[in-house]
Amino acid sequence: MELHVLNHPLVEHKLTVLRDKNTPSSIFRELVSELVMLEAYEATRNLSVVAAPIETPVAPMTGKKLAEPRPIIVPVLRAGLGMLDGMTRLMPTAEVGFLGMKRDEEHPTQQVTYANRLPEDLSGRQCFLIDPMLATGGTLVAATHYLAERGAKDVTAINIIAAPEGIKYVEEHIDPSIEFKVVVCAVDEKLNDKCYIVPGLGDAGDRLYGVID
């Protein structure tokens, strides 16, 4: 597993405002989108490209375009949806799938899958899993293996904040045959007894969309 933690003053500034409990949902959503675009620049560094002959107004040349099959972006519902706009603005030609998973509150590293909208065959596809928080790591491992069951061998996870416990769990449980990378804005101190990241930013889904009782 490859882990990349962004080190940039803009990321630090935006992340500080994002964490602030007084930041309203409207600003929170904008900041998530902006942070994801900064992360995506790093996460997409190794996208497959092919030669593309074109003509400029001055002369013919050979440039590069994204190769087929197109990469696929997979937000983990519901909080991952808040990251989708930033990803599609950077990669408008990418396909988008959806995966609904939630943590079993009695068994934090176990996941319940309640929805999916994905191609049956992901062979040869570069997959980008997006979810704001990497807490216990259970959701990320389960989601990655879900993609791998459909043939995915190249998976990049984009998370805003991670906990050390989650990173360790992912390192220990991810299938080593998968080319796997994690890009985060920050690795925080720890998980608390409720498996929330500390200092974290609270419940990302609630802060993006409001609390659902």
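Placement of Cβ uses the backbone N, Cα and C atoms for every residue, glycine included.
Computed from a predicted structure; not experimentally measured.
According to Swiss-Prot, the protein carries these features:
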- R78, R103, D131, P132, M133, L134, A135, T136, G137, G138, T139, D203: 5-phospho-alpha-D-ribose 1-diphosphate binding site (BINDING)
- I197, G202, D203, A204: uracil binding site (BINDING)
Within a 10 Å radius of its Cβ, which of these binding-site residues (D131, D203) has the fewest neighbouring Cβ atoms? D203
How many whole Å apart are the CA atoms of R78 (5-phospho-alpha-D-ribose 1-diphosphate binding site) and A204 (uracil binding site)? 9
From D131, M133, A135, G137, T139: binding-site residues whose CA lies within 10 A of A204 (uracil binding site): D131, M133
Count, for each of the binding-site residues G137, G202, the other C-beta atoms lying within 10 angstroms of its own C-beta, and report the residue with the smallest count. G202
Rounded to a whole number of Å, the separation of the Cα atoms of G137 (5-phospho-alpha-D-ribose 1-diphosphate binding site) and I197 (uracil binding site) comes to 11
Three-class DSSP assignment, G137 (5-phospho-alpha-D-ribose 1-diphosphate binding site), comes back as coil
May I have the list of same-chain residues other than I197, G202, D203, A204 whose Cβ is within 8 Å of the Cβ centroid of the recorded uracil site, in sequence order? P132, M133, Y196, G200, L201, G205, D206, R207
Taking the Cα atoms as reference points, how far is G202 (uracil binding site) from M133 (5-phospho-alpha-D-ribose 1-diphosphate binding site) in Å? 10
Integer Å distance between the CA atoms belonging to D203 (uracil binding site) and A135 (5-phospho-alpha-D-ribose 1-diphosphate binding site): 11
